Each structure stands twice: as C-alpha cells, then as structure tokens.
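According to TrEMBL, the transmembrane segment annotation covers 20-42, 62-83, 95-117, 129-150, 171-191, 211-235, 290-308, 342-359, 371-391, 593-613, 625-645, 657-681. Marked as region 'Disordered' by TrEMBL: 711-732. The annotation compositional bias 'Basic and acidic residues' is assigned in TrEMBL to 711-726.
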Amino acid sequence: MADHEDPKTGKKNKGTSKEVCGYPLSIFFIVVNEFCERFSYYGMRAVLVLYFKYFLRWDDDLATSIYHTFVALCYLTPILGAIVADSWLGKFKTIIYLSIVYAIGQVAMAVSAIHDITDTDRDGTPNNMTFHVVLSMVGLFLIALGTGGIKPCVAAFGGDQFGDHQERQRRTFFSVFYLCINGGSLLSTIITPILRAQNCGIYSKQKCYSLAFGVPAALMVVALVVFIVGSGMYYKAKPEGNIMGDVCKCIGFAISNRYKHRSKQYPSREHWMDWAEDKYDKLLIAQIKMVLKVLFLYIPLPMFWTLFDQKGSRWTLQATTMDGNFGAIVIQPDQMQTVNPILILTLVPIMDSVIYPLIKKCGLNFTPLKRMTVGMFLAALAFVCAAVVQIEIDKTLPVFPSNFQSQLKLLNMGNHPVTAGLPGYGQVTLQAAQASEEYFTFEEDQISISVSGPEMKRNISLIKGQRQTLLIPLTISDEWQLTADLTTKPEEGNNAIRFVNGMNKPVNVSTSEVVFGQIEKFHYSNYSQIRNGRATFFLQSGQLSCAFSRDFGFGSSYTFFIPSTLSLGSNCQESITGAEDIKPNSVHMALQVPQYFFITAGEVMFSVTGLEFSYSQAPSNMKAVLQAGWLLTVAIGNFIVLIVAEVAKLPKQWTEYVLFASLLLCVCIIFSIMAYFYTYIDPTEIEAKFRRNVGDDDDDKNDKQRKLEMEMMKRDLDRSDDEHYKGKQTKM
Ligand SMILES: CC(C)C[C@H](NC(=O)[C@@H](N)CC(C)C)C(=O)O
C-alpha cells in the first residue's frame, strides 16, 4: 500500500495527492468544476427575468419577485447541502448527487423555453403556458437546491485537499477559486444574452431562450464530468455520523443542565457549553465552541452583503439615468455590472502578489479579520461615492410637478406663428410647427389661454401632478387637444418617443424594430421605447412615403411633429421637428467606476478572506457547515435590502446611499471590536490534543498531567488573550 493511503481504509490521506508546484493536482478539477458551475448559474440568471417577462409573459412585479425569491433560495439551501455532507454522505458524494439534480434543473429550464412544444397553432407563442410555467418552476427549484447545496461543499472540499503543511497554498487556492467564480460568471453574462438574442424554432423563429438556458445546462454537465474525472485524486474526509443532530442535542443539554443548576450553590463553569460535559464528549464540546465563536463573529456580516447586492439593483437603476457612450463602445446600464468580475480578475492577483506582501514587508500583521474590517470600510466608501454621483445626477434630472402642481407645454400645429397668453408667464410666441422649450408650471386647476393669429381663447383644465402638452390647432374650428406626457425618466436608459400628426390624413410610423401604428389626423401616438444610437423612422400616408433619422442618447423623451405641409417629395429629415420633453442623461457612466472599484476591492478583502477564514477556523467535521453559515450571511444581507428600503422610504436616493454607508460603518466598528477579542485557532491541533488526551486509554501520562493539559486547552478556547498554541493563535 502506498504511504499516502490510509492503512485501514485504503483511501488517500490529506495533503498526499500528486502535487504540481506544491499544489495537490486534485484541486485543478475542483477549480475547473467551479468555473463551469458559476458559468452555468450566472449565465442562466442573466436571462431569467427576460424569460419571465417575454416568454412566460409575466408582469414586471411578478418577474422580479420570483427572481429574488429564487436568488434568496440559492443562498438558503447551502445549509441543507452542508448538513447532508458533514453528517451523512460526505462532501464528495453530496457534490456528485446535487450536481446531477442541478443539471436536471438546468435541462428542465432549457426544455421549458422551447416554444414549439406547445405551439399547436404554430403562431410562435406557446398554447399551453401552464406546461412552461410548471416545468420552469420545477427547474428553478432543482437549480436552487443544486447550486446552493453544493456551494459550501465545493469550497470546503477544495480546502480539504491541502495538508497542514500547505497553509499558504490553501490560501492561494481560495483566491484562485474566487477568480474562477468571476471568470465563469463574466463569460456567461456576456455570452448568454447574445444566445438569447438569436432566433430559433421549428415552426416559427423566436428569441432563443432554449439556447440561452441550454448552454448553461451543458456547462453544468461538463462541471459534473470534470469533477468525476478527478475522483481518484481527491482526499475524501469521511462524515462522522449525524454531527448536526449531535451538535443540537449537546447544545440543548448544556442549556437545560445550566438551567437545572442555576442555584448559587453550584459553582459556575468557565463557558456555558461546559455544562454539557456531564454527558458529552469533551472533543465535541470543544468543536461546538469553535463553531459558535465564529458564528458569533458572523452576526454583523450580513450588512456587507446588503450593500454589495445593491450593485445589481440600485446601482443598475442609477446607471439608467446616466450616459453610457464611451466613444468607441456604448455600454448599456445592466452591462456596468460586469465591471465587478472584471475588477475581481485584476484585483485578486494584485492584492495577493503586491499589496499583501507589501503590507507584510512594512511589518504590519494584516490578519484575516483586519482585512475583512477594511473590506467593510471600502464598501461603505463605495456607497459614499454612489451618493456623490447621485447628487450630480439629481442636478440634471427634470423637475417634475409635485402633487400640488401641473405642467404644460405648448405645440403650435399651424403653419403660422402664434402668440399665447399664459397666466403668470405673459405672452409666449411660437413659430410654425414649434413647441415651447420648457414646461410651464401652474398651481391652478384651470387656466385660460388666449391665442392670437388666429384669435382663440380656451379654458384648459389641468391635472395635478401631471405634465401635458397643449396642441394648438391650425384653425379656430379644430379641436384643442391635451396629451399626457411622461412624469418619470424612461426605463432602462431607453428613449421614449411619440409622434403628433399635424396632417389632414392618417399616417403610419415605424422603425425597423418598433411600430408606432396609424396616427389619425391631429392626433398623437403612444410613447414607444427606442434604444440609444441612431434610429430611422419610416412615414407612410397614402402615396407619401419618406424617412428621417435622429441620434439618441440615454433616457430622453421627444415628441416629433409631422407638419400639415408635409407632402409627396417633401424632405422628412428637415420637415419633421422634435420637441425635447425630457433631456438625455448627461452624467457619464464612467463616474460609477470609483464606486465599483471600492466595492470590488472591499469584496476581495472581505469575501475571499472570509471564505478562507470560514474554512480554517472550522473543526474538521463541520467545515461545510461553517461555509454554509458564511453563505447564510449573504442570504440575510439580501433580506435586509428589502426591509431597509421598505422601512426607510427616503425621498432622495442619495440619502438612502448615505444611510446604508453609515449603517455599514457602524457595523464595521462593532465588528472590529468583536474581531479584536477573537483568538485564531488551529482546529486540527486542538482536535489532535483532545483525541490524544481523551481517547488514548494506553496513554502513560498520569491523570493529573492529562487533566492539566485539558484545562489549558479549554481555557484557550474560552479566553481570547491566550497565545498558547505554538504562537499560532493571534488576535485580530
Ligand atoms: C458569496 C458570493 C456572494 C460570492 C461569489 N460572487 C462573486 O464572486 C461576485 N463577484 C460575482 C459577480 C458576477 C456578482 C459567488 O460565489 O457567486
């Protein structure tokens, strides 16, 4: 039998698998598995809301709530996976079984997105939507179970591959592991939206959601195969029975025993868990103490994730009010999120090979908990940057009417100039086919407007909180019309465009992507969303057919006026005038880069370190459980976003950013105090000593000596100021 194999089980011993440059070869399969799995997860997530909205035809509210429920579930299921792994199947088998569940879920999603399956009338839309909804919900449930379930196991299983002499390599592994997460997610969030945009189908061509889900499904199968291929090389720690059951029972016994002995006549014990000593093994009690110490330290951590997860929501919304034109490329608001994984891919190597060594050279002991504290501080700083950017944006946003005001714009549909008398604003002159530049604000319910050239006078009823445009007709006999204008910026950085037809006959307007439909004479169309860039509009009315083009930025709104003078042979490019109802975004998206930089630098210090810290401080039989505890802080963080945003209801977005920054700063201070009192431990060493002292009946040490050693170890776990273990234990 080879010396790297356990003589009893024939299985590999820890840290003895084949090595390449000091690293166990087995971790190669683990990091490739993680890369493919994250590709699969983030790729599917990137198109999920669009699938809900455009394939299942759900409204925005339902789509976003199901999406967030799914994401929250993905961070709750790790507990389940960890318990199964640590207590029953072991990490290896848990990863294999749950990966199969995960891959089935992804395949179910891909199948649910094939519209042809139920498209009996072959019109391109499914005829049995229930089938697609049920299949996709089952798919998402399996994915949440799979991705969440394996997450704590894969990280801990990777850590398991290193021997005690490979602490430095294990730290590097967690950094590379993080790089793979972000490499996979970056690639997939670029690729799957492209796949979705393709047209596919048997009977009719539709947006290809099946391909956008199918490729992540294939990557999950690849992840599973790669993991299985590495099978012979892994160190597989054996689960030690129902450890979570034992932990719960032991804690329960300690509490009830303490309660039974609450009277002063009983001497107090150093730690409340010591009340379990009457019934439970000292090793188990020591292990529970280790876990509880770390879990206690985790209490403030969800606040970091509360801020971190707003990248995908609030910050993306902020980007929709910004200008994404970078010259050579145009960045869409949701694409700004890719800055995070891109920065991770650059910052992790820089931190590991330059910053941390430099700090060490300066003689500073930049311990994991110090790094996490700095990470929190950087995240708070990111939100201060977000607040400053928001203040700049707010300065450029249009002033919409309050609930006590109404706003009115005038559009002269005639061929001659008119002068309109407006209460409080005097005389306003408008050329032919011209609109007033600004909206006029009124507090009255009704105003009287007199127009000269031709002479007209009308009483106009205004609606509080609304913006309207008054279409001043060509002749006295024509109808006066009021349009309902936008009182918010168009969504997702798009431009809201509509047309007013000043001609005496209907006109059809369209672009290559958008149909405005037929607009009756002297009427106006609904708003349609046009993306940034150049758009060409085609006009068609009887024999008349022409086109004109305009360039659009982000978040503007225009009313284009088709004049009565437009006729066969007219030059539409010159004849059609546009009134700018909402100015395009003018604050550049590049201003978001500092906030992305700080949150990502914070993530590297907080999350990469936290991942490794959770592994290194966990007892051997609860590695996955503590990883799951770490992931639970992410889930709680997500819930806090919903609660704080709902409860705080701040009128200005920048104040909400400042609130979140202040909350994290407070939490950061609390955490630094807690961290100061934390003593790093070496679980392997503690466990070994307990085993030696407790389990070895043939030990020739006398009882007194043994008792003394045990007491010392107990004190090491209970007290923070002891630096007993080979100087390995250091404070914060
Ligand atoms: C614990 C997770 C929240 C960490 C990790 N996420 C990241 O690394 C992000 N930088 C990815 C980005 C695409 C949002 C994960 O395991 O997904």
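Every residue, even glycine, has its Cβ placed from backbone N, Cα and C.
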**Message:** How about long-range neighbours of the transmembrane segment (62-83): same chain, 6 or more residues beyond its ends, C-beta under 8 Å?
**Reply:** 41, 45, 48-49, 52-53, 94, 98, 140-141, 143-145, 147-153, 156, 244, 624-625, 627-628, 631-632, 634-635, 638-639, 642
**Cβ contacts under 8 Å made by the transmembrane segment (95-117) with residues that lie 6+ beyond its boundaries** = 37, 40, 44, 51, 55, 81, 85, 89, 124-126, 131-132, 135-136, 138-147, 149-150, 153-154, 157, 201-204, 206, 209-210, 212-214, 216-217, 220-221, 223-224, 227-228
**Asked** Of the listed stretches (129-150, 211-235, 290-308, 625-645), which one yields the highest count of Cβ-Cβ distances below 8 Å with the transmembrane segment (593-613)?
**Response** 290-308
**Request:** Using a Cβ distance cut-off of under 8 Å, indicate which of 20-42, 129-150, 171-191, 211-235, 625-645 has the most pairs with the transmembrane segment (290-308).
**Result:** 625-645
**Asked** How about the transmembrane segment (211-235) and the transmembrane segment (129-150): do they have 3 or more C-beta pairs under 8 A, pairs 6 or more apart in sequence?
**Response** no
**Other parts of the chain folded back onto the transmembrane segment (20-42), taken as Cβ under 8 Å at six or more residues beyond its ends** = 74, 99, 102, 106, 143, 147, 150, 154, 157-158, 161-162, 166, 169, 172-173, 176-177, 180-185, 187-189, 216-217, 219-220, 222-224, 226-227, 229-230, 233-235
**Message:** Under 8 Å between C-beta atoms and at least six residues away from its ends: which parts of the chain pack against the transmembrane segment (371-391)?
**Reply:** 303-304, 307-308, 314-315, 318, 587, 591-592, 594-599, 601-607, 609-610, 613, 652-655, 657-658, 660-662, 664-665, 667-668, 671-672, 675
